[in-house]
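Student: Quick paste from TrEMBL:
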DOMAIN    36-406  domain 'Major facilitator superfamily (MFS) profile'
TRANSMEM  34-62  transmembrane segment
TRANSMEM  74-96  transmembrane segment
TRANSMEM  108-125  transmembrane segment
TRANSMEM  131-152  transmembrane segment
TRANSMEM  164-187  transmembrane segment
TRANSMEM  207-230  transmembrane segment
TRANSMEM  277-298  transmembrane segment
TRANSMEM  318-337  transmembrane segment
TRANSMEM  344-367  transmembrane segment
TRANSMEM  373-401  transmembrane segment
Amino acid sequence: MADDESRTILLEKNEDCPGCIIDRTKQQQRGVPYLHLSFIWLVSLCTALPISSLFPYIYFMIRDFHIAKQEEDIGFYAGFVGSSFMIGRALTSIFWGKLADRYGRKPIILIGTFSVIIFNTLFGLSTSFWLAISVRFLLGCFNCLLGVIRAYASEVVSEEYNALSLSVVSTSRGIGLILGPAIGGYLAQPAEKYPNIFSQSSVFGRFPYFLPSLVISVYATAVLIACWWLPETLHTRCRIAQGRLNPTELNDDESRGGGLDEQKIINKPSLLRNRPLMAIIIVYCVFSLQEIAYNEIFSLWAVSDRSYGGLSFSSQDVGEVLAISGLGLLVFQLLVYPPLEKSVGLLAVIRLSAVLLIPLLSCYPYIALLSGVTLHLVINCASIIKNALSISLVTGLFIMLNKAVV
């Protein structure tokens with residue numbers, strides 16, 4: 001009887017959804033599992049590396065495919081390679097999300113990590129434009145880690161630590177912006193950069209972009225092995241029911257080992273009718289359009305010749321800029337963002353970041369007029385500020401997204 005009474009107390013009403021009931025029992029039993037947060041960080045980094053490592057050398061990769069008739073057409077074809085990954089992710093994200101809700105987070109995380117090993121390695125071995133697009137598309141289709149790891153991050157800790165767990169996901173992106181461009185910038189074309197170590201007749205000479213892909217695949221293999229011991233969190237998911245939910249039936253379902261599908265949840269409200277959720281999703285879509293466009297265009301603009309308005313950077317120069325900005329992002333996320341969010345509020349940080357991004361991005365065309373040390377100083381500062389504003393938006397939107405559906 002005491003257990004039933006304590007469980008009844010932990011069935012709370014959701015103020016944002018009249019009549020909804022949330023099971024907080026196991027959430028209140030969990031503290032801050034730092035080991036699990038480490039897994040979240042590793043998996044999130046595994047998602048970021050295949051994307052960010054491509055930027056320093058995509059221009060030269062498209063050039064070596066000899067598909068562009070003119071140099072100014074390289075950016076056109078590079079856009080297809082970059083967007084193919086996002087198209088694959090957009091087409092399958094809902095599908096993988098439903099599978100994660102039905103069969104658990106862990107198997108989907110394992111599938112996504114395994115796909116990075118296979119398709120990222122094949123991308124490094126690509127010898128044609130169409131093969132590169134196909135492999136990147138398949139990588140996007142099977143790369144189901146981002147949404148699932150966010151759900152896992154919010155479930156593995158109690159509600160008071162949601163901001164911490166989601167900031168771990170965002171922080172891993174900062175690490176990815178450091179390591180990914182550095183891996184791509186320094187390890188691409190190794191036979192040209194390090195002829196004393198890699199010969200032109202070796203596999204890395206015949207496939208000049210295989211080494212950075214191989215390094216990331218080896219890391220993904222280590223993550224896959226580590227995630228084998230990752231605990232499942234599907235059973236800790238908040239169970240929301242429209243109307244009255246009988247606690248006795250909940251206990252009976254759990255004693256029988258019933259899953260979410262076996263629980264008696266009736267009249268489940270449609271997410272499309274959740275106006276706050278739809279508003280946040282629209283804002284995130286608009287911001288993602290800007291963010292992805294920036295990430296794809298920046299490296300192409302930086303390596304383009306000055307006669308086309310570019311900076312005439314090498315892949316190593318691009319990798320250095322992205323790595324430095326990623327390091328600045330990490331420092332901002334750990335030391336600046338938490339006290340800033342507490343002092344001015346979450347919504348204020350989101351609005352301020354969105355407003356400041358407009359004049360900052362408008363200044364980029366004028367940066368191409370600079371040269372020498374001044375150019376490197378200004379472009380690094382602009383990149384750091386831009387990434388800091390972007391991560392403030394992303395982290396804030398993630399937190400608001402979780403609050404809108406709980």
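Using N, Cα and C of the backbone, Cβ positions are placed for all residues, glycine too.
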Student: Is the transmembrane segment (373-401) close to the transmembrane segment (207-230), in the sense of at least 3 CB pairs under 8 angstroms with a sequence gap of 6 or more?
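Tutor: Output no: the transmembrane segment (207-230) is apart from the transmembrane segment (373-401).
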Student: If I count Cβ-Cβ pairs under 8 A between the transmembrane segment (164-187) and each of 34-62, 74-96, 108-125, 131-152, 373-401, which range comes out on top?
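Tutor: Per the Cβ count, the answer is 34-62.
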Student: If we skip the immediate neighbours and take only residues 6+ beyond the ends of the transmembrane segment (277-298), which ones have a Cβ under 8 Å from one of its Cβ atoms?
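Tutor: Those are 51-52, 55, 75, 78-79, 82-83, 86, 271, 318, 322, 354, 357, 361, 383, 386, 390, 393-394, 397, 400-401, 404-405, in sequence order.
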Student: Need a quick answer: max count of Cβ pairs under 8 Å to the transmembrane segment (344-367), which of 34-62, 108-125, 318-337, 373-401 is it?
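Tutor: Stretch with the highest Cβ contact count: 373-401.
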Student: At a Cβ cut-off of 8 Å, and with pairs 6 or more apart in sequence only, do we get at least 3 pairs between the transmembrane segment (108-125) and the transmembrane segment (318-337), yes or no?
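Tutor: No, the transmembrane segment (108-125) does not contact the transmembrane segment (318-337).
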Student: What residues elsewhere in the chain lie close to the transmembrane segment (373-401), defined as a C-beta under 8 angstroms and at least 6 residues from its ends?
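Tutor: For the transmembrane segment (373-401), the far contacts come to 150, 162-163, 166-167, 169-170, 173-174, 177, 276-277, 280-281, 283-284, 287, 291, 294, 298, 302, 311, 321-322, 324-326, 328-329, 332-333, 336-337, 340-341, 346-347, 349-350, 352-354, 356-357, 360-361, 363-364, 367.
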